[in-house]
Amino acid sequence: MTDLTPLCRLVILISGRGSNMQAIVSMIEEQGLPAQVCAVISNQIDAEGVNWAKERGLTTACISHRDFATRADFDQALLQEIDNYQPDYVLLAGFMRVLSPFFVEHYHGRLINIHPSLLPSFPGLRTHEQALQAGVQCHGSTVHFVTPVLDHGPIVAQSIIPVLASDTPESLSERVLATEHVVYTAAVRWLIQGQVHLDAQGKVQVKDLEQRSFYFHA
Ligand code: GAR
């Protein structure tokens, strides 16, 4: 019997280690989901995650932002490279670039990011330092549809951890990262299975999903 289910086409963008990308690739393989990671694209030539993806037999591409005079030029080249793969979803997994509004609009409803904080708290960089400084007792990560506003957009899922008296930015970062792998793989599975989508009003619609928060103990 031939399986005619079309594969969900994914392109993953990274800038470094790529542990979220690795978790997503492994989850798709292990769970036999109807999806294909068509390419892993990095803006850093020496990104650790690119080597992992190559060893895994995935198609990789590097487009260095340093080779372009303006942000818009880089984003246009990136968009053209991504569109070669005709993705259903573009997953930002530690992709450390601010994207132009035209790029974000082009992928409206198809561009997903993970951010290491409980958005809307602590957008931007050094989120774990920001959380400690604010004295919050819960911290975590957020998977969201990307909008032109940085680290903002309709929330797909969140992971939540307690902040401990002994926490440092490093310890928080390590504990949050472990939960990112759980929450991002779950969110990508829902997208692949058609359980989550962005509607015409910009709201997240879900099917057969009661809970989209993941709580972790210390
Ligand atoms: C992750 O913590 C991710 O949430 C963060 O970069 C790290 C990448 O790790 N992303 C952002 O800060 C984006 N604003 P990874 O390369 O091992 O997946």
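Every residue number used here counts from 1 along the chain in the order it is shown.
Using the three backbone atoms N, Cα and C, a Cβ is placed for every residue, glycine included.
Here is what TrEMBL records for this protein:
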| type | residues | note |
| --- | --- | --- |
| DOMAIN | 9-188 | domain 'Formyl transferase N-terminal' |
| BINDING | G18, S19, N20 | N(1)-(5-phospho-beta-D-ribosyl)glycinamide binding site |
| BINDING | R71, N113 | (6R)-10-formyltetrahydrofolate binding site |
| ACT_SITE | H115 | active site, proton donor |
| SITE | D151 | site 'Raises pKa of active site His' |
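Sequence features, as recorded in TrEMBL, placed on the structure.
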residue : record                                                  : CB count, 10 Å
G18     : N(1)-(5-phospho-beta-D-ribosyl)glycinamide binding site : 25
S19     : N(1)-(5-phospho-beta-D-ribosyl)glycinamide binding site : 19
N20     : N(1)-(5-phospho-beta-D-ribosyl)glycinamide binding site : 26
R71     : (6R)-10-formyltetrahydrofolate binding site             : 14
N113    : (6R)-10-formyltetrahydrofolate binding site             : 25
H115    : active site, proton donor                               : 23
D151    : site 'Raises pKa of active site His'                    : 20
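In three-state terms derived from DSSP, D151 (site 'Raises pKa of active site His') belongs to neither a helical nor a strand segment and is classed as coil. Geometry remark: S19 (N(1)-(5-phospho-beta-D-ribosyl)glycinamide binding site) versus H115 (active site, proton donor), CA distance 13 Å. The residue listed as 'active site, proton donor' and G18 (N(1)-(5-phospho-beta-D-ribosyl)glycinamide binding site) are 14 Å apart (CA-CA, integer value). Reduced to three states, the DSSP call for S19 (N(1)-(5-phospho-beta-D-ribosyl)glycinamide binding site) is helix. When the Cα atoms are compared, D151 (site 'Raises pKa of active site His') and R71 ((6R)-10-formyltetrahydrofolate binding site) turn out to be 18 Å apart. Note: the Cα of N113 ((6R)-10-formyltetrahydrofolate binding site) and the Cα of N20 (N(1)-(5-phospho-beta-D-ribosyl)glycinamide binding site) are spaced 11 Å from each other.
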